[in-house]
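Residues annotated as domain 'GH16' in TrEMBL: 1-216. The annotation signal peptide is assigned in TrEMBL to 1-20. TrEMBL lists E102, E106 with the feature active site, nucleophile. According to TrEMBL, the N-linked glycosylation site annotation covers N110.
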Amino acid sequence: MKLGFIQLVLAATSIAVVQGSKFWDDFYVNFGDGKVQYPGYDTGSTIALGLDNTTGSGFQSKYPYLYGNLSMQLKLVGGNSAGTVTSYYMASDRTQYSKWCELDFEFLGNASGEPYILQTNVFSEGVGNREQRIYLWFDPTADYHEYGILWNQDLILFLVDSRVIRVFHNAADLGIPYLDYQPMYIYSSIWNGESWATCGGGVKTDWSLQPFLASYTNFNVWNACEMRDYTQSSSHACFEKLYSSSYGQAPNLALTQSQIDDLRWIKYNYVIYDYCTDLKRFNWTAPPECARNWTLELPN
């Protein structure tokens, strides 16, 4: 009983540390500082990025990460958000890598009453063109929801409220470079995408509603490897952490049955565009990683 009590206290303390993290512990505003707000009584626990007809705003992590389980909670622009794009992504430094890597969440605004579209994409050594678009099964403007990435040596999971919406497996054996050596910064921004974001640019931003605000909280980077420099020793330390941390060990090295069920549910209820089925775009041959990422356990 005494040991159990101590374990509960330690668990509660760990949760409190994660939930008590402040924005500026790990991030900084990288553009549009005048459009950024820090609402609430616990200053720094929440940040709101703003967009008006002069500029958007954004932030990035102080350091890049090489593997990990990273997330944050977002509440998107409510009402008529047509033309706005709220992005949350990881990307390597293009000054360090001419062929960069990137993992994207892009939330495409819509007219009042119409659902947001979540677009995800994967860039491997400068090559993207792997867009998938889904509708969400909830209103992302009504409350905060968690969006995250689990990234290890075998796969990358895109997660929404801990539910897998997309997987990108290591397909190096198929000739697809894997994201396994470039540390990536975390970025987020809100910007004007009215030329393409809503109905292919057919619905423009209503600037009478500005400013548009997207809100963020619970910045979780503790279960990842931060790289403070690009030395071999720093990379080696991240690989050591990978193989000793939960995100780099089973059961996170392959999809579980519940995650397969998640993907099946997403595929048949919420996917509205998948590059893997847009065969005309790729000369009628699906990119080689598609068969692996929509696994054999998923029916056609």
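Keep in mind that glycine also has a Cβ here, set from the backbone N, Cα and C atoms.
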Q) Among all the protein chains here, how many other CB atoms are within 10 A of the CB of E106 (active site, nucleophile)? A) 19
Q | Number of Cβ atoms other than its own within 10 Å, given for N110 (N-linked glycosylation site) | A | 20
Q: Note down the number of other Cβ atoms within 10 Å of the Cβ of E102 (active site, nucleophile), including every protein chain shown.
A: 19
